[in-house]
Amino acid sequence: MVFRTDMFGLFCVLITYTSICYTDYAVTVHMIGGSMSYSVWGVMNIMGFNFILLLMVLSHVRAMTCDPGIVSTLPNKQADYNLIKSEKYSQQENINGWTVCSKCEAVKPPGAHHCRICGRCIKKMDHHCPWINNCIGELNLKYLLMFLFYVVLASIYCATMIITYWLIHPPNLSSVVVDTKTMHTAILSAMVILFSIFAVAIGYDQFSAIRIQKEDQERMKGESNIMAMSIKEICYEVFGDIHPILWLIPLNLNRRRTGARQALLTS
Ligand SMILES: [Zn+2]
Ligand SMILES: [Zn+2]
């Protein structure tokens with residue numbers, strides 16, 4: 001488990017949770033409460049919306065506190081040990097893409113980069129994301145993608161509840177008074193548009209990066225007939241070889257299987 005004390009990152013996390021709390025209040029109390037009250041439909045929608053928010057928060061917490069793939073600075077792996085024993089290590093030369101970080105002295109594999117905020121090298125580092133106050137790397141990318149998925153899902157749910165409210169209570173166009181419901185609708189609509197565009201753009205960017213990275217790896221292996229990965233193949237790559245329904249549960253369900261596979265590879 002990791003927790004960064006970067007002030008800008010903590011500020012962004014505070015904004016994220018404040019936005020989630022406000023959305024929960026405005027949708028539950030004003031949109032659902034105002035249109036369906038506490039009828040069976042109202043209670044079901046409140047439970048459904050809060051369940052999505054719960055999964056969103058769990059995904060965010062996992063992305064924020066999970067080890068993103070910190071490269072060990074100790075020779076606790078056979079590969080690291082062999083590298084350190086070799087004389088080339090002392091010359092800090094590039095060996096099969098493995099390099100030595102001049103800042104944290106980690107023996108880092110290809111694709112790993114040093115993060116100046118975390119102060120460590122991270123495997124398959126994409127960038128340091130202030131919104132999760134952590135690096136996005138090999139081990140927590142799936143939680144970021146889960147979080148983005150739930151942001152889009154919650155945005156669609158929120159937009160549906162806003163439309164439902166205004167269909168039941170048509171606006172009085174002759175009135176110039178801006179009431180509480182109108183104010184919450186305007187704020188929620190702006191948040192829905194902003195966050196859903198943000199989440200789709202980041203998600204698309206991440207999927208494209210994985211596809212390009214995989215194609216580069218195939219090219220380095222000397223493959224001539226490189227096929228573009230489908231979205232399903234990328235999901236298997238990121239979320240692991242588990243049933244697709246489990247891809248959206250913010251738990252490390254692939255750990256046991258990955259461990260067994262690593263044991264097989266290292267034996
Ligand atoms: Zn480093
Ligand atoms: Zn970082």
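Backbone N, Cα and C define each Cβ position, glycine as well.
Those TrEMBL annotations? Automatic predictions, nothing curated.
Here TrEMBL flags 7-32 (among others) as transmembrane segment.
Look at TrEMBL and you will find 38-58 (among others) tagged as transmembrane segment. Non-local neighbours of the transmembrane segment (38-58) in the same chain are 17, 20, 23-24, 27-28, 32, 146-147, 150-151, 153-154, 157-158, 161, 248-250; each lies 6+ residues outside the stretch with a CB under 8 Å from one of its CB atoms.
The domain 'Palmitoyltransferase DHHC' annotation in TrEMBL covers 98-220.
As annotated by TrEMBL, transmembrane segment applies to 143-168 (among others). Using a Cβ-Cβ cut-off under 8 Å and counting only residues 6 or more beyond its ends in the same chain, the transmembrane segment (143-168) has close neighbours at 23, 27, 30-32, 34-36, 45, 48-49, 52-53, 55-56, 59-60, 62-63, 66, 129, 132, 136, 181, 185, 188-189, 191-192, 195-196, 198-200, 202-203, 206, 238-239, 247-248, 250.
Feature annotation from TrEMBL assigns transmembrane segment to 183-204 (among others). Beyond the ends of the transmembrane segment (183-204), by six or more residues, the same chain brings 19, 22-23, 26-27, 30-31, 144-145, 148-149, 151-152, 155-156, 158-159, 162, 165-166 to within a C-beta distance below 8 angstroms of the stretch.
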